[in-house]
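Below: one structure, written as structure tokens.
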Amino acid sequence: MDVNGRDDLKAPLLQPSDSVAITISETNNKRERKHRTAKFRIGDIKCASCATSIESVLGKLNGVENAMVSPLQGEAVITYIPELINAKEIKETIEDAGFPVYEFPEQDIAVCRLKIKGMMCTSCSESVERALLMADGVKTAVVGLALEEAKVHFDPNVTDTYHIIEAIEDAGFGADLISSGNDLNKVHLTVEGVNSDEDAIIVRSSLESAVGVTGVEMDLGERKVSVSYNPDLTGPRSIISCIQEAGRGSKSYNAHLYVALRRRETEQLQEILRYRNQFLLSALFSVPVFIFSMVLPMLPPYGNWLDCKIHNMLSVGMLLRWIFCTPVQFIVGRRFYVGSYHSLRRLSANMDVLVALGTNAAYFYSVYVVIKALTSNKFEGQDFFETSAMLISFILLGKYLEVLAKGKTSDALSKLTELAPETAHLLAVDSDGNFVSEMEVSTQLLQKNDIIKIVPGAKVPVDGTVINGQSHVNESMITGEAIPIAKRPGDKVICGTMNENGCILVKATHVGSETALSQIVQLVEAAQLARAPVQKLADKISKFFVPMVVVAAFMTWLGWFIAGQARLYPEHWMPQAINKFELALQFGISVLVVACPCALGLATPTAVMVATGKGASQGVLIKGGNALEKAHKVKLVVFDKTGTLTLGKPEVVSDVLFSSYSMEDLCDMATAAEANSEHPLAKACSIPVGPEVEDYILKNEQLARTCVLVAIDGKVAGAFAVTDPVKPEARCVISFLRSMGISSIMVTGDNRATATAIAKEVGIDKVFAEIDPMGKADKIKELQMKGMNVAMVGDGINDSPALVAADVGMAIGAGTDVAIEAADIVLIKSNLEDVATAIDLSRKTMSRIRVNYVWALGYNILGMPVAAGILFPFTGIRLPPWLAGACMAASSISVVCSSLLLQSYKKPLHFQNTQGESHYAKSA
């Protein structure tokens, strides 16, 4: 079912049909009530009275604004408020009235992407996911911790993006809408001259009647209009012209591109500044507390004034520490209270709970000490205000450094999005095809079939075909290939690549979201959001991690307190100025704040983000963490032949004369005959063949070549040997895979003789030939039954079943769309060396994830016992709470920095073809 489809909206009300359809169009996305229009096809309407009955029944429903029923067509067009009623309830009401609604679609699925704020660990992302899945109408939800985004599939008849955001906010997190529905072919415009509802109706009507427009959304408050369109029929400039032409008389309208801030970079910068400012504010108060408690008392006589008594045992230093600590605890530290409240309300616990418990224990015990000192002239106790203040400061410093590091994990994706130029030189063409003018326009205004002039040093703004001029284009930013590629008329160019030395004219074939660059960005974003199976370990641990830490902290305090009261350790163990209760309390607080669930949650997604971005920048598109994880287990690679191991373009590699004709004459006559042929290798003739010719044919067939015989006047005059050349890097790649412990086999639909010859040439020992597409998939399954993890590399439609069946499907970038869609990994350059790159990158990433888990788990396993005081009886070493907080912050930073090491990844092999010699240079 098409949502917001213009074809359905323009369909006449009175037209015969036996089927039912529903189309839904949203008027706006504002917070006020929205209206939707649904079209039903209804059976058993025999007269106007039946139509009136249905209208009467529908008119009584709360939320139905208008209902029109056509008795001739058997069709109803109903306007309703989705907040009060949905299409399914309307359908049930019509059926209760005795009129069947045929083939009514149960639900329509819409998609939205949201930016999630306030997530700190895996427990947070799970809470958001759980809140989304519990919301009415939400079908699936995936939340990415490192990316801080959520992708939600929902039923628009039941809920909308506003209610989805509301569900997230109720769970204690912030959310902003990134995109909703199909934003791929949508232009956002600022409209001038629209000052009333009448103006809005005029503009909307003009746009809805325009060819190619599929949906219109208007926001009068911001004077913004969002128009969905079919790029094959119209484009942004045509839509702007349509708005301008809607003006009549004194009313004039104009429109230009709606300029929005770059959301990802802006939000990252805001988050970095927010944590920086919070840390600086916290440090402003915490540093004096630290000086008053840890520095000046160690420097007599400079700190003696701090011991001056104000009243009873209350000293100046104690009061100052309380005054300076309180803003840190309740103003700067408010975020931990809010986070804890929402977490506990969801019956879960996260890092906020640990921090709030630890700082509250230190702060309120210190308040107790202050009150006791104020009311007693004999009480002697030590406050821990510096513990609370310094703990919050170090945690905020850690979060500040963490968001700085996390921002770098998406550097590769940011660089991809910046490749497209902002402007382009558009050429205007008259009716005779002559170029009449040139103007510089925003690339967002380009449309299909536009003619673009690209000067030397300029970036290509669209995917298109060269129609005039010659140049070399540097495609390294997309394919990773450093050598500029020659471009002539008829050659394709890719958006975001750099024109080197010549001026070329390009006809746009794909613009905006349809360009290869945009699709790469979308694929990488989806991959970074997808959760790798190895993440399940962190998810399982996070469910009981915080409660376990709280119990461990309580037991630590209780154990040390009981041991002190029972005099189980000597008095000289006690540090100066604190009693046994306070020592036990410090150990308990240290256990609370040293534990770090954040590091566990970041171990996998940060590595996946860096790896997928790095892979994309080097020409390897990995569709998510699942594919990335599976690729490292591959022990067998199955190759298709044509277009995969070979170039897929037949070439003449040998020729011979069997007559007195010259080779030039033979070639001319062969070319003339071939020009009218309907087969790429020419049609066969029933021509007599002698022994000499047969011998030539036999020798070439053994070399995987096809012979083309040229006959003149009924006799063979010569022959050409045609072959599909093996890719120059194929043999070296097979050899390198073998050195990685990976076997290779060939599965092809070609004949056995040709397949065997090609396999021998590239170094493959095992060949399965003359196999149909489903047979390829069956062969993959057969190999998997033997316990092998199998990767399939192919390029054609006939390879798609095998690509799906394989553990990891790798599609050649120059292959068909079907194969690319079916694959887990896309090799943009169509270069076989990237098969090794994909597997090697997967291995390096999984190794890095394991190192991250060692950091995260090892830190907690070692840190908690040390914080609990296990070393104290033997060495006197203990971990003060503020230092434990610093260690906790350091653990998250160490995991993110560990993942960032993948930024330095280099391909294991670089194929070089110098003076006809092919060899590999191994990366350092």
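Including glycine, each Cβ sits where the backbone N, Cα and C put it.
TrEMBL entries are annotated by machine, without manual review.
The annotation domain 'HMA' is assigned in TrEMBL to 36-102, 110-176, 185-251. Taken from TrEMBL, the feature transmembrane segment covers 279-299, 319-337, 349-371, 383-401, 544-563, 583-604, 853-876, 882-902.
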Recorded stretches the transmembrane segment (544-563) and the transmembrane segment (853-876) touching, at least 3 CB pairs under 8 Å: yes
Which of 319-337, 349-371, 383-401, 853-876, 882-902 contacts the transmembrane segment (279-299) most, counting Cβ pairs under 8 Å: 383-401
Remote residues contacting the transmembrane segment (349-371) - C-beta distance under 8 A, at least 6 residues beyond either end: 120-121, 123-124, 127, 314, 318-319, 321-322, 325, 329, 333, 335-340, 343, 381-385, 387-388, 391-392, 395, 546-547, 549-550, 553, 582, 585, 588-589, 592-593, 595-598, 881, 885
Structural state census, the domain 'HMA' (36-102) (DSSP three-state): 22 helix, 21 strand, 24 coil
Secondary structure content of the domain 'HMA' (110-176), with strand meaning DSSP E or B: 23 helix, 24 strand, 20 coil
DSSP-derived helix, strand and coil totals, residue by residue, for the domain 'HMA' (185-251): 22 helix, 20 strand, 25 coil
Overall pLDDT of the domain 'HMA' (185-251), taken as the mean: 84
